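Notes follow the structure.
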Amino acid sequence: MFGVLLLCGVLCSSAISPFKEHLKACHPDCTKFGNCNGETGQCDCPFGLTGPSCQERLFPACHVSKDPGTLPHYGTWYPKNCECIKQLHAWPGSCPEHLHYEGTGVSGASPCFYDLVLAHRFLCYRYQGRAPADQLSDSPALNASGVDWFHATGHTARHSPPQEAQLPPEQVPQEYKTPDGGQWRPLSECPDRCNNRGWCQIQGSNYQGRHYDAAERWCNCQGYFRGNSCEVADTQHCYRGCSGVGECVGGWCHCKPGYWGHGCTRTKAYSSSVGWRPNHAKIKVYVYDLPSNVVHRREFHDQWSLIDLMYNAELEFTELLLGDWGVRTENPWEAALFYVPTFTYWYTGNVGHPYFVIQHATKWLQENSPFFNLTGGRNHIFWATNDRGVCKLQMAPPEMQHSIKLVHFGQSPRRPYAARMKVGQTTDPTAHLALRGALPQPGTRFPEFPAEFTAMDILEESEICIRPEKDVVTPNYIMPTWVEPHNYNQVWNVTQLPDGTRQVTRKRGPDVPVRNLTLYFAGFTKPQMSYSQGVRQLIHKLFGPGGKYDPKGPNARPDYKVGGPGGGEAATYMQQSRFCLAPMGSGWGIRLVEAMISGCVPVIIQDHVYQAHWDVVPFPEFSIRVGRHDLHRLVELLDDVAPQELEELQAGIERYHRAFFWDAQWGGLAYNYTIQALKQRAHSMWSANYRRRRRAQQRRRLFSVGRRSRHGW
């Protein structure tokens with residue numbers, strides 16, 4: 001482990017600093033369009049620009065203008081120049097050769113990072129008589145002269161070029177409908193050509209609402225811009241608003257000279273006279289600034305690039321870490337942990353998988369970071385906020401598995417089905433896909449629920465999704481309305497103390513909503529048993545028509561409210577309930593966080609799933625855990641909870657509920673507890689605790705084998 005990998009070969013006297021501040025110079029024109037990285041001496045460029053001064057276009061035909069500062073478009077909502085598809089396909093970073101999937105079945109992600117490369121029968125155009133360098137995606141009219149139109153298919157195979165089929169004039173469409181119900185129009189028809197930062201259309205909708213007037217030409221802005229003509233670069237897409245020393249353009253901070261990095265927060269760079277020597281008394285975290293051509297905050301299909309807020313934890317964590325100089329360091333030589341911002345959700349969406357983006361970033365770190373290679377990445381941190389986190393990484397190459405993953409889904413099954421074997425242990429090329437032990441047979445899985453679990457259901461709930469000794473499970477981001485005063489103060493008293501800290505206590509008295517419901521659950525379900533491990537299905541069956549607690553039957557329990565998605569009423573009902581069910585979904589669920597904020601005791605029914613902050617907060621003090629095999633007895637189990645026991649659980653919620661939401665402005669402490677968990681991982685690596693356990697198990701096995709052979713057992 002990295003406790004024995006230190007590079008310091010000599011002790012340094014107290015009079016000599018082991019670290020020396022050392023800035024490197026960049027191209028003199030770098031700061032016109034890029035940022036001078038004083039650590040590498042290279043010009044950090046926004047995506048789509050390249051070169052020593054960021055004045056070369058990476059995909060010139062994907063831009064709508066030759067004006068300086070424009071960004072490439074690579075989505076599929078609006079027609080592009082056919083040369084744009086060719087240029088994207090030819091760039092090695094679009095579908096990197098080193099990306100490969102070693103698991104079984106589909107990877108859950110694409111080895112190509114840009115929408116247009118994967119397009120099928122996509123409408124594109126090419127200007128007659130123009131050289132490839134002069135082709136632009138500037139949205140001509142469908143009937144414009146001097147323009148040829150094609151149907152193109154992008155990625156037919158990794159090494160084959162895009163396929164084009166030219167349309168005869170009579171087959172060129174007279175209109176182009178957009179997925180939002182509108183129609184694409186030439187950019188020249190919109191105000192100020194949308195400042196070359198958007199698309200012109202009629203009708204349809206965007207984040208501002210729906211446009212009904214067929215005569216109105218309006219700008220559907222490229223991600224990161226807003227305004228009637230996309231004239232405003234929105235600072236919310238840049239970390240820390242670029243710290244007041246930069247301009248946010250395309251989700252990227254263009255910093256004033258002397259500043260660089262995420263949020264323009266870097267000003268210093270260091271070299272070391274002694275090698276890497278992390279501080280073991282005060283754990284520091286170094287934040288990487290990967291080039292934007294490796295990972296960047298991407299747009300979605302030419303569209304506004306805000307994401308579903310539930311998956312926003314990576315952004316919230318990064319935003320807070322960048323400004324936390326009590327934990328963060330600019331000096332990698334003294335860092336114990338290394339954080340790698342990857343904008344993972346932009347590459348995966350909620351149902352995709354971060355396999356390829358982590359592989360891509362890992363490859364760059366292996367080639368550029370001595371600190372990654374010192375430990376094989378064991379002290380490097382990646383996020384994965386998607387539904388099932390990193391469940392498929394159990395069969396990835398070791399260099400992807402070693403790093404610390406921050407996830408919301410902590411499944412760690414008793415019978416994991418994937419066991420990767422070392423090279424040389426066997427000649428069977430598929431051995432690394434073997435089962436570790438006999439898995440349950442398809443069929444019913446727990447009492448009073450005859451629904452069939454298929455082999456695929458069982459395999460999914462047997463996937464290894466974390467290694468709890470090194471990975472960290474964190475809470476998801478909760479919609480701000482849950483923690484803003486108009487809702488939060490219905491349950492909690494908030495007192496601002498003179499030192500700026502908050503004191504939060506549970507409200508009591510006649511004005512507090514009476515918790516007259518025993519249990520509340522409202523949520524979607526699916527017929528596939530892998531969804532929620534069958535828990536949602538059984539709870540709906542128990543409390544639905546014909547079930548044991550049918551609302552119209554003899555065992556009806558009106559104090560149990562169970563139904564479909566609750567919408568805006570969920571917060572109100574949770575504030576009126578003593579217990580709230582917290583099952584999973586296709587992966588992690590949101591009900592644990594919602595219950596804690598609402599002062600409702602979470603009833604967690606997720607077998608073999610580690611919950612957020614499981615290792616830094618005492619779950620038995622504020623929650624109840626029930627296994628699936630006891631789910632049919634849920635009513636009896638909750639009826640057994642005595643008033644004094646309920647009071648103690650609610651007191652635990654009072655102490656720990658702020659650990660489960662991120663908004664620091666409203667008192668959230670999720671960041672603080674996540675940092676605490678990461679520090680524990682650093683201590684675990686220094687002590688090599690789990691590796692010692694592994695060796696001890698090996699010794700016990702060897703001893704047992706030897707003893708059996710000696711005694712003839």
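Cβ atoms are placed via backbone N, Cα and C, with glycine included.
So that you can see what the record holds, here are the features copied from TrEMBL:
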DISULFID  Cys26-Cys36  disulfide bond
DISULFID  Cys45-Cys54  disulfide bond
DOMAIN    22-55  domain 'EGF-like'
REGION    153-184  region 'Disordered'
SIGNAL    1-15  signal peptide
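Tertiary proximity for the region 'Disordered' (153-184) is limited to same-chain residues at least six positions away from its ends with a CB under 8 Å from its CB atoms, namely 77-79, 82, 85-86, 88-89, 95, 97, 111-112, 116-124, 139, 142-143, 199-206, 211, 220.
Model confidence over the domain 'EGF-like' (22-55) stands at 94, taken as the mean pLDDT rounded to a whole number. Taking a C-beta cut-off of under 8 angstroms and a sequence separation of 6 or more, Cys26 (disulfide bond) has the following same-chain neighbours: Cys36, Asn37, Gly41, Gln42, Cys43, Pro52. Annotation for Cys45 (disulfide bond): spatial neighbours Phe33, Gly34, Gly51, Cys54, Pro291, Ser292, Asn293, criterion Cβ-Cβ under 8 Å with sequence separation of six or more. Each residue of the region 'Disordered' (153-184) gets a DSSP state, and the totals for helix, strand and coil are 3 helix, 8 strand, 21 coil.
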